[in-house]
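Quick notes on the structure that follows.
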Amino acid sequence: MQFNPRYPLLNPKLFHQQMPVPLKGAKAGHFNQALADQLQWSDADQAAWVEICSGQKTFAEFEPLAMVYAGHQFGQWAGQLGDGRGLLIAQILDKNNQTIDLHLKGAGATPYSRMGDGRAVLRSVIREYLAGHALNALGVASSNAVGFTSSAQGVQREKLELGAMMLRTSDCHIRLGHFEWINQYQPELLADFVQKCIEWHYPECLNAEQPILAFATKVIQRTAVMIAKWQLVGFAHGVMNTDNLNITGSTLDFGPYGFMERFRPNWINNHSDYNARYTYQQQPSIGHWNLWTWLNNLIPLAPAENKQQFKEDLAQCLEHFETTFLEHYTLGLCQKMGLPSFHKDSFDCSMAFLRILQAEQLDYTDSFIRLQNKSYTALRDDCLDTRQFDTFLNQYQSIRADQATDELDVQMFKVNPQYTLRNHMLQKAIELAERNDFSEVDRLFKLFNTPYTKQQLLEQTSDLAPLPSDVPEVMVSCSS
Ligand code: AMP
Ligand code: MG
């Protein structure tokens, strides 16, 4: 590994250095060899992956640390938070010379654990491990993980579960909530901190006329692109608190997430989300709210002679959110539909299709595959309101009639995944892993290496459809 320890250069008030506390009886769960190669792990590092991913081996080049931050949780100011059960154990360079954080989740209690035990359970580790892998393979910027370990140590949740640790990777663990903590508790650190964020993550903004405004605009745009991609692949993050969004627009901290099965935009996948704040359909407006909250923390950086103008300029940065989101979402949706994005009726027609999926409770992934395979009869046969479907199909085919459909069809195959990470697939992998059988984790890991490609030898029939609607849902909550 090539180390690039830079977070420890920040003011020590922003973190707490401590060692991981290993779990009893740590054992191998799964290892992401391709990612370890990308991160330039040597053969010796790779041979020691179980020790590294269970907190037994740390590095002389980096003293592990817990970050402090704050946040708004479910819309309410939550005060000081921080890494309560994870440690940054290294910052290393990957093959592209990009600095990547190695964050060991489940590594024991820290000063920021509040009432928590500092641990993660195998169930939630597997969920995060496979979703990070799937999002990356789907082309959505996200954290990932080099590997995870299970253990023989029980951890109490609603019931006693197995403790586990995961070595998460991300280009950035600096959250919107970092700025909130600094503003609230150590405002004199703000200018330096923002300067470091720009240097590390947006160096191109250093030369802008107003670097802070350029930085804010980039953060807003990247977050908007990330959320547009979530909407397109049907990902609901589940807990979009300001402490769970980072400043590089790569998906982070998605415990109680869900991938869309039957198209239900207002479905609550996180059962701790009593007010339905973080449903799929709310994500763009919540992203906007979080960024607005974040921007308020930059106001103290206004130049003394120009305070009002700076505030207005910050507000103006937020205007980029909606335009960036719509640009990416509209283009992506038209590509999924096989419609030309420049045609004036393409977006309306796409929305008509989504309304049918919603009204008929059709499967999101499967319906786009049927559309791409021109299985219109199969789609129509699943509709109760066939008139609505016929109206849609007429418009759809008339838009496509004047187009070079070959190119549109090729595009459809590139953007419509063959597989989505259904809750029942995860559940089966988790139940087997809890009995020490990681074969299903491995099968899903391989299936989601290339989610846009049909893999007859790996797939199972149950991967291709949601559970029947009379089977109770798997419950996922914040308690992980
Ligand atoms: P999350 O919703 O998982 O992002 O967690 C919100 C906050 O609670 C973060 O500061 C976490 O570090 C902390 N936290 C969550 N679970 C635990 C736990 N089991 N022990 C200690 N802290 C926790
Ligand atoms: Mg979090």
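The backbone N, Cα and C atoms fix where each Cβ goes, and this holds for glycine too.
Marked as active site, proton acceptor by TrEMBL: ASP243. The Cβ of ASP243 (active site, proton acceptor) lies under 8 Å from the Cβ of TYR69, ALA70, GLY71, HIS72, GLN73, ALA78, LEU81, ARG175, LEU176, GLY177, ASP253, each of these being in the same chain and 6 or more residues away along the sequence.
Within 10 Å of the C-beta of ASP117 (ATP binding site) we count 15 further C-beta atoms, all protein chains included. TrEMBL lists GLY82, GLY84, ARG85, LYS105, ASP117, GLY118, ARG168, ARG175, ASP253 with the feature ATP binding site.
In the three-state DSSP scheme, ASN244 (Mg(2+) binding site) is classed as helix. As annotated by TrEMBL, Mg(2+) binding site applies to ASN244, ASP253.
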Those binding-site residues in GLY82, ARG85, ASP117, ARG168 whose CB falls under 6 A of ligand 2, listed in sequence order:
none
Write down the Cα-Cα distance for ASN244 (Mg(2+) binding site) and ARG168 (ATP binding site), rounded and given in Å.
14
Fewest other Cβ atoms within 10 Å: which of the binding-site residues ARG85, ARG168 wins that one? Let me know.
ARG85
Looking only at C-alpha atoms, tell me how far ASP117 (ATP binding site) is from ASN244 (Mg(2+) binding site), rounded to the nearest Å.
19
Run through the Cβ atoms and count how many others sit within 10 Å of the one on ASP253 (ATP binding site).
22
May I ask for the distance between ASN244 (Mg(2+) binding site) and GLY82 (ATP binding site), taken between their Cα atoms and rounded to an integer number of Å?
11
